[in-house]
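Structure incoming, see below.
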Amino acid sequence: MALRSLSSTKTLTLGLNSTSLLPHSRSLQTFSLPDLPYDYGALQPAISGEIMQLHHQKHHQTYITNYNKALEQLNEAIQKGDSSTVVKLQNAIKFNGGGHINHSIFWKNLAPIREGGGEPPKDSLGWAIDTNFGSLESLIQKINAEGAALQGSGWVWLGVNKELKKLVIETTQNQDPLVTKGPHLVPLLGIDVWEHAYYLQYKNVRPDYLKNIWKVINWKYASEVYEKECA
Amino acid sequence: MAAATSMVTSSSFTFPSQGLRLPTRSHPCMKPQRRFLRKYASNVITATYELKPPPYSLNALEPHMSRETLEYHWGKHHRTYVENLNKQVVGTDLEGLSLEDIITVTYNKGDILPAFNSAAQAWNHDFFWESMKPGGGGKPSGDLLDLIERDFGSFERFTEEFKSAAATQFGSGWAWLAYKANRLGVENAVNPWPSENDKKLVIVKSPNAVNPLVWDYFPLLTIDVWEHAFYLDFQNRRADYISMFMEKLVSWEAVNARLENAKAQAAEREMEEERMKNEEEWKPTDDDDDDDDDEGLEMYVDSDDDSEAE
């Protein structure tokens with residue numbers, strides 16, 4: 001550790017938003033809240049502006065803050081060779097890092113109606129959905145059933161197995177990213193079913209939230225990701 | 001679905017419902033506490049679990065916990081758990097069991113069966129409402145305070161630890177104060193050196209519907225940290241909700257009563273275990289019995305045939 005020179009630290013920090021704990025430590029990338037590509041109120045009435053603001057500015061921000069903190073502590077523990085702490089931090093990293101990953105995808109999964117939100121997928125993804133599920137309606141029904149049945153907090157995903165080039169519907173608990181369900185799974189679209197995602201507007205009626213969110217789902221983004229994996 | 005509970009009128013009877021929802025044990029000395037209604041409809045008897053109201057009106061916890069929260073939390077969430085439980089239990093082996101027994105059976109050592117979520121959440125919410133009262137908070141006293149100070153150092157340290165557990169239960173779940181009276185916490189193991197320290201207070205947190213009954217602990221106090229419990233009043237500020245709960249809502253009377261009951265049940269269980277152990281030690285074997293009987297008979301019936309007794 002003491003052998004790291006100042007010059008190598010400088011090259012590492014170029015172009016990155018990073019902090020160094022000590023002059024000779026490995027520099028660490030920290031994460032920051034991504035901007036939403038639309039106003040908080042732009043997804044109404046499917047999702048209220050109040051929810052979007054809290055969800056983005058409070059919940060997502062908190063995951064990022066805690067993720068950065070956990071990474072800093074992890075870095076320190078690695079430097080010191082403190083294996084006990086390294087292992088102990090894994091949960092905090094999964095929770096908060098997962099929260100950051102999942103929400104970053106989620107904001108891209110949504111779009112105002114006037115910007116294509118709700119427009120059905122065409123091209124290869126549209127075709128794959130019809131082939132695998134019969135129709136878009138049938139896919140939506142399955143995803144909503146899984147989302148409604150999820151106990152506690154979690155996410156429901158439409159993903160693609162990039163090895164098999166197959167579409168899958170999966171759920172994950174808490175903030176587990178989709179990849180925890182299979183190393184070859186790539187998320188195309190995720191729906192947050194934590195209560196904070198809908199409670200102020202839909203209260204206990206999660207099925208209504210699931211029914212309405214499709215009006216603002218951004219299939220363009222899902223198609224882009226699908227084409228990249230299955231080209 | 002709501003009609004099902006309203007059908008229970010004159011042609012039903014209820015077991016007296018307890019003011020406090022106390023944990024039961026599957027134990028020869030303990031009668032299982034049943035809280036259900038028998039519904040008579042064309043000669044078919046079905047057991048139905050009932051949604052019990054909190055021991056105060058829905059606005060009684062204001063301004064700390066709003067009436068709106070209680071209306072949804074009790075009136076929708078809790079009610080739905082009870083309705084789903086009834087649907088999942090009817091016509092199965094679980095029908096007629098006490099709620100606590102259903103919880104133990106369907107927990108299935110962690111490989112949970114479908115009715116667990118409904119049953120445990122129905123129980124958890126009853127327990128939660130009864131853990132609070134208008135004008136609650138403050139400090140406990142007497143035995144309870146002594147135990148808290150013994151097991152946590154001070155009431156302040158206990159509060160910090162309880163609040164921390166509630167704040168760090170990731171996702172949905174509950175934080176608990178419980179009385180742990182089993183030795184070693186390992187099923188079928190025998191602690192060769194039982195001591196007073198086996199009976200102690202512990203703070204535990206649990207995910208989703210899980211509660212300390214499944215670990216054979218005696219729950220004493222709980223706080224619901226599912227987001228629906230605090231989102232209308234506190235939004236993302238879970239820590240503020242937890243502080244409010246400790247300062248303004250905890251019913252130390254309820255906790256105290258539960259502790260007394262837990263100690264009594266633990267003592268009874270201990271006595272029963274002692275009794276069963278003693279029975280085993282003093283039990284005579286079959287061979288000894290026969291010889292005694294024969295000699296008795298020989299002596300009184302036929303004193304000339306001693307050779308046959310050999």
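Cβ atoms are placed via backbone N, Cα and C, with glycine included.
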Looking at Mn(2+) binding as recorded in TrEMBL, which candidate out of A:HIS55, A:HIS184 goes with A:HIS103, A:ASP192, A:HIS196?
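When TrEMBL describes the Mn(2+) site, the candidate it includes is A:HIS55.
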Go through the binding-site residues A:HIS55, A:ASP192, A:HIS196 one by one and keep only those whose Cβ is less than 8 Å from a Cβ of chain B; report them in sequence order, or 'none'.
A:HIS196
Which one of these binding-site residues, A:HIS103, A:HIS196, has the sparsest Cβ neighbourhood, judged by other Cβ atoms within 10 angstroms?
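With the binding-site residues A:HIS103, A:HIS196, fewest surrounding Cβ atoms within 10 Å: A:HIS196.
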Quick one: give me the count of other CB atoms within 10 A of the CB of A:ASP192 (Mn(2+) binding site).
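The Cβ of A:ASP192 (Mn(2+) binding site) has 24 Cβ neighbours within 10 Å.
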Inside 10 Å of the Cβ of A:HIS55 (Mn(2+) binding site), count up the other Cβ atoms and send me the figure.
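A count of 24.
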